[in-house]
Structures are given as structure tokens and as C-alpha cells.
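Working notes for the structure below.
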Amino acid sequence: MTEHLPMPQFGPLAGVRVVFSGIEIAGPFAGQMFAEWGAEVIWIENVAWADTIRVQPHYPQLSRRNLHALSLNIFKEEGRDAFLKLMETTDIFIEASKGPAFARRGITDEVLWEHNPKLVIAHLSGFGQYGDPQYTNLPAYNTIAQAFSGYLIQNGDKDQPMPAFPYTADYFSGMTATTSALAALYKVQQTGKGESIDIAMYEVMLRMGQYFMMDYFNGGEICPRMTKGKDPYYAGCGLYRCQDGYIVMEVVGITQIEEIFKDIGLAHLLGTPEVPKGTQLIHRINCPHGQLFEDKLDEWLANQPITAVLKRLSELNIASAKVLTIPELEGNPQYVARESITQWKTMSGETCKGPNIMPKFKNNPGKIWRGMPAHGMDTNAILKNIGYSDEQIRELVDKGLAKIVE
């Protein structure tokens, strides 16, 4: 059995080998999650051109930490042979490309399973591996998936739809690749038979936008978009402005509505036909007093600082939070207590700061053990790990099929 590459053993996925081929965010985000949970993750990059994410000044140090960097042309014959040899010792392979791009270039699921019948293969693309030919081969990024899925049209303000930001479809799709690959791996361990997963980014976002779509599919009702960050249906829910910034709150519950009505001068409406006893939500449209409730809330909040508002809402057991700015995050006591922001060393020895590993495993925690590797940094070690000699590696490099760091 091939030994794993040198790395600390930690996390719930220690001993699992994951290989991914993909650039930017969606596919690599799946690899990032696996790597932070203890899997040995090998990142395949183009020999001539590194992953375009490397041009960003700081983000790659987060998104590519804990990885092993392999620079290999997997579509040329000798490079393809090395790739297939690597697949023999791989548990999960993730590729992100335009539709069935790998199959078109001869790397089908069946070819991969010839080399490893237990392999879990996750294909991540904008429109899926099959379907209408006018879509399946199209490139897709975050906004494309949001627009095509019905997700984008639900977001923004009543005057204009806006994409959810930053890069929501990429992260949702990457996490879908992570979870579905783990589900498949669990089944493989029971049956010994590999699995192929077809992840279409637009279908991921279709599912993420499902809540109000059901009203249309089953009743023909189109949900309006938010107005200045407020829930399109329920008053007292959403984004509100105070004297010194913004909060969000959710006025939900019998007691909560009764008490907030008293605070803002609407106690006389309680128990009326419009706001009967036991009301748990105030419908912005159906309740005749929905707009009055909103106006009174705006007036009440605008004349108070955030600290006073949050204190009172807490007393009323109304869920609420200040809208934190990025500079406020790392000094927040909850962030400090849970070490939500952390630091690690880059490969050049510099300190990098960013989000910590999530979620927090109690018995087998994740770990940050290395920064982003250089382009081709681990090619030599990976090829030796699967049985290549120094001479064979040099031949691949001389032919432009692999890149190593001397």
C-alpha cells in the first residue's frame, strides 16, 4: 500500500487521499474543507499556467492552505499515465470544468474505475454533465449560476435584483461537492463500488433558493424582493437602522409581538381582529397594520443607539444582532472566545490572518499545518510517492509535462 505524503495526522479524515483539479473557488473550496479536516489533499495545476487564484494578494493563503501542489499535464499521454497511477491510491477525485470536459478528453469515469474501482469521482460544472447541448458546455461562474437558477432574481431590492456576494454559488457548490463526496465514500466503504457525482452549480443554487419558489410552483405566487433589507412578507424581520448603525432582528413569537407593540405605542392593537391574541408574526401585506408596525419600529429604532436597542430586544427575547463591520470582527468577545479568527505562517515565513477552521470537532479537531504551496512545490514528492524514479520525473519535466521546484 502506498504511504501517504509527509504531513501531521489529525482530524476526522486522517488517512483519506483527495485529489482535485480546478481553479478559482468552487472546486478548490471542497479541497480546502477536506484539507482542514485532516485529509491529504493534492491540488493539480496546469504546468504552463498556475491557478489564476494566485494573482490575488491574500485570499489564496487561506483557500490553498494545507494542500500539496502537483503541477502535471494530465491530458498528454505520459502525464495522463502519471495521473491515472495517482488515481490508484486516491479515495476522492474532484474536477471542476465545463460540462463533460474530462470525458471529451478521454478521462471517463470508466477509465478511472479501471484503475481504481472504489474511486469517488465528483464532477463540478455550471450546468452538469448532460442536458441540452446549448448549456452543458458553457463556462459558469458565481453570477452565472445565480442568474440561471432563480436565486439572483430573488435577491437585491425591490427596484433591482442583485447577486448575493461574495461568490455565494461557488461556496455552496464547493460545499455540496464536499458533502456528496463524503456520502459516496461512506457507501463505497460498505460496497466496494465507486461512485460518480454530477454537481451542477445552477441546481445547487436552485435548491438554495427553494423557500419561496414553492409558493410559485404550487400556487403561482411570486415573492417580492426585499425593501431596504427587510423581509418581503413579515414586518419586524430584517435590516433596520439605529442612531449609530444597523441591526437585524426577527420579531417572531406571541410574547415578543405583544411586548414590542407595547414599547412602540401599538398596545391598543393587540387583541383586535387584525392582531388577534396568539399572533406570532405580522404579515407585512395581509395585516392592515403591517406598514404602521414598520413605521413605528423605524421611528423607535432611529432615536436609539445600537447598544440600548440590543439590550431591550434581549430583554424581550427577540433575536437580534448588530451588523458588524469587518474591522469589528476580530475584537468581538465571541470571536475571541472561540478563536474564530486565527493566524498561521505562509511558506515564506510571513504571518497570515484569516478565518479559522470550521466546524469545531471536539475529539478530532482540524488543524492548519502549512501555508499555500508554491506552483509545483510537491510534484517531485507526489510522483515519487506513486513509484516514479528521479529519471522518470526529470523526463516529464524536460517534456514540459510536469513542473518541479528545484
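Glycine is no exception: its Cβ is also placed from the backbone N, Cα and C atoms.
Note that this is a predicted model, so its numbers are computed, not measured.
These come from Swiss-Prot:
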ACT_SITE  Asp170  active site, nucleophile
BINDING   Lys98, Arg105  CoA binding site
Discussion item. Rounded to a whole angstrom, what is the C-alpha distance between Arg105 (CoA binding site) and the residue listed as 'active site, nucleophile'?
Written reply: 25
Practice prompt. Express the distance between the Cα positions of Lys98 (CoA binding site) and Asp170 (active site, nucleophile) as a whole number of Å.
Written response: 14
Worksheet, complete the sentence: Row Arg105 (CoA binding site), column other C-beta within 10 angstroms, all chains, value 12
Worksheet, complete the sentence: DSSP output for Lys98 (CoA binding site) maps to coil
Item to complete: Tally every other Cβ atom lying within 10 Å of the Cβ atom of Lys98 (CoA binding site).
Response: 14
Response to the item:
A correct count of other C-beta atoms within 10 Å of the C-beta of the residue listed as 'active site, nucleophile' gives 25
